[in-house]
Amino acid sequence: MDALPTTRTCAILDRDGLQALIAALAARGYQVLGPVLRDGAILYDEIAGLADLPAGWTDRQAPGRYRLERRADEALFGFAVGPQSWKRFLHPPVETLWRAQQGEGGLLFSTAAGPSPRYAFLGVRACELHAIAIQDRVFCEGPYPEPGYAERRRDAFIVAVNCAEAGDTCFCASMDCGPQAEDGFDLALTELIDETRHAFLVEVGSAAGEELLTGLPRRAAADAERAAAAAVVARTASQMGRRLDTAGLKELLQDNPEHPRWSEVAERCLSCANCTMVCPTCFCTTVEDRGDLAGSSAERVRKWDSCFTLDFSYLHGGSVRQSARARYRQWMTHKLASWIDQFGTSGCVGCGRCITWCPVGIDITEEAAAIRATLPEPRGEDHGGH
Amino acid sequence: MPVALADPFLPQPYRVERRRRELAGTVTLELAPLAGACPAFAPGQFNMLYAFGVGEAAISLSGDPASRATFVHTVRHVGAVSGALAGLEPGATVGVRGPFGRGWPLAAAEGADVLVVAGGLGLAPLRPAIYAILARRERYGRVVILVGSRSPAEILYRRELERWRQRSDLEVRVTVDHADAGWRGHVGVVPALIPRADFDPQDTLALVCGPEVMMRFAANALLAAGIKAGRIHLSLERNMKCAIGLCGHCQFGPSFVCKDGPVMSLERIAEILAVPEI
Amino acid sequence: MEGIEEILGRHPFFAGFAAEHGRLVAGCARNQRFAAGEYLFREGDPADAFFLIRHGRVALELVEPGRPPVAFATLGEGEIVGASWLLPPYRWRFAARAVELTRAIGIDAACLRGKCEADHHLGYEMMKRFLPILVERLQATRLQILDVYGKR
């Protein structure tokens, strides 16, 4: 497997080199974000250096289950993905859109968004690169680009990490979204760790990445090191906990809105919205209008929303999707099917978060397979001849 | 290519110039921008109207598209926001974002007969289309306007319908679901008027707006009359928050009603129109 | 003056009707004229006819005690008034009132029922024409009872 495109510039960073990378990003004015250990999970937050990274920890994931465990080594990126994604920075969970003042001349609206920090993301997985690319399409490629997202996205510096470990709920390989980071990064790391070494093969993905790398203490990558990095990704690809058969999946879901499986899954689904909150591509939001008690000022706050809430489809008089069955169907059909109509790509990258963080362990790959396996006979099918 | 606004989320302040009571709980507001002229709109488009401190609602444009002095909106009090909007008096300011959405495909109606089917407040988003057609009446064939209402007291734009009915170049029929003793017009649902109207089904563009059930019945009657699904256009209603396809609320199968609609051809939506809770 | 057979032949209800069947129906038919306000029939009357409206408008009404009659449908040119003549006990279940001057062809029900019994081809042709009208009106009634324009 020729996992690393040979045209890319490669180098080797050791741990000090990685520390220098973080420092160089901070020196360039980036707010550097990376994985940190917190609240019993690996989350994404501001990091000052290597010491903040979850060295020696991994995550064990299963449907409805997430546990941290010690690793036998001191790997810095030896885990899959946690409950958060980079979405929370590019597309914040809560954001004030504008403020309004009631003055003598009437209402005055002013935009509330200040300048966003310039983010550097360290440790972006292949599935997450794809998720960011999908949200780029959602927010930037329509007739009305989302100005805040577009600005944060434009300014972001992305350091990807090739996964050395696939979780039990991972299925990026079958979604063509990993585990190899192929595109959409400035730099990409592959962690090489064994008894003899702890280093990072770094690939350049952009001019900005190249420029940054030039200033770092590094050495050339040997062929053996390139091969070792390729082997890491190949091993991960072979360890995928799950797969999703995407062949004809769009039509399968869109043509079967009355499949009995929707009712079956609705009996388990709690409509808790966890899957939509942890999903790195779910983009839906609602707004909250707040006024002060004096009635002189008001503001509009945008918040992440979920198609699992009743309010989501509210039309005067009632909600369109009253049943959990309809709401689950909407989520899954949107994610895997109508997303393709809307944005030319599936909305799923195979990160497995919706499976891990579902409190009852509903597995999107299993639901898709069940619908495929028990397709009802087409109505009106003629079995008896003429 | 639509023009990208600097900030599509930021409302512009408009003043209520006039307020006219149409029906019980239903008013028509004329809104003028505090600065400049109203942006141009296409019949069938909508604005997001913001009532200070209460919230925002999608309200279709119901005035003459040729007039740039004011936006005209007919609002019915059905919830907190529409109630606040309907209660606004002249002089009050509202926030306006828009116009948004795809309107009626009037260009496709040129040279053809036009059949307008409206139920209840569904006449509001159709009125700009009627104005546009009347402004260039010679470009269209027969123009038929069928209006359904709950009762004679609840006929929207009644005086205007009366005026249109006097014209020799329009066929206007109004029907009510429930008649009182004084009503001398049609009684029955508006789809029942479709077989009685005079149009060439081979060359007619049908524009339909009203409650979704009524539109489904009307669509079936139009198909039965021989109009092709691609020539039947419905204006849909879903929960709209952002109006620009970014918040996800108004999804209707693969479509975002706010940006792919609100006007959509029956051909595009026929398969999911009758799917419950889609 | 145009004969009743020709008038029937041009009425949309009889589109595609065989000439021989047209003659049979015409034998039961007569021209009728109802002034505005005049009743074609009232609830409970024997359903001894049905009507093809040529011009004018007819309101179908039900009466509640203490209230003016409620019109639940109006019918106009080219439409049919009345189906109760098809079913025992052959009594009208509602009233039909001319809203304006109305010209119609009234068809004697006993006469036509007899001919339909005698000639099932004719009976079947009549049924094929009545059933879609009844289904359409059932559909319209469904929509009407939903009261879709009200605040709900």
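Cβ atoms here come from the backbone N, Cα and C positions, even for glycine.
Curation does not apply to TrEMBL; its annotations are automatic.
What TrEMBL lists as domain 'FAD-binding FR-type' is B:9-106. Helix, strand and coil residue tallies for the domain 'FAD-binding FR-type' (B:9-106), in that order: 8 helix, 48 strand, 42 coil [DSSP].
The number of other CB atoms found within 10 A of the CB of B:Cys242 ([2Fe-2S] cluster binding site), across every protein chain shown, is 27. The [2Fe-2S] cluster binding site annotation in TrEMBL covers B:Cys242, B:Cys247, B:Cys250, B:Cys258.
Using a 10 Å Cβ-Cβ cutoff, B:Cys247 ([2Fe-2S] cluster binding site) registers 22 neighbours. Same-chain residues that are not part of B:Cys242, B:Cys247, B:Cys250, B:Cys258 yet have a Cβ within 8 Å of the Cβ center of the [2Fe-2S] cluster site turn out to be B:Asn239, B:Met240, B:Lys241, B:Ala243, B:Ile244, B:Gly245, B:Leu246, B:Gly248, B:His249, B:Phe256, B:Val257, B:Lys259. Contacts of B:Cys250 ([2Fe-2S] cluster binding site) defined by a Cβ separation under 8 A and a same-chain sequence distance of 6+ are given as B:Arg238, B:Asn239, B:Met240, B:Lys241, B:Phe256, B:Val257, B:Cys258, in order along the sequence.
Filtering the binding-site residues B:Cys247, B:Cys250, B:Cys258 for a Cβ under 8 angstroms from any Cβ of chain A leaves B:Cys247, in order along the sequence. Across the domain 'FAD-binding FR-type' (B:9-106), the model assigns an average pLDDT of 96.
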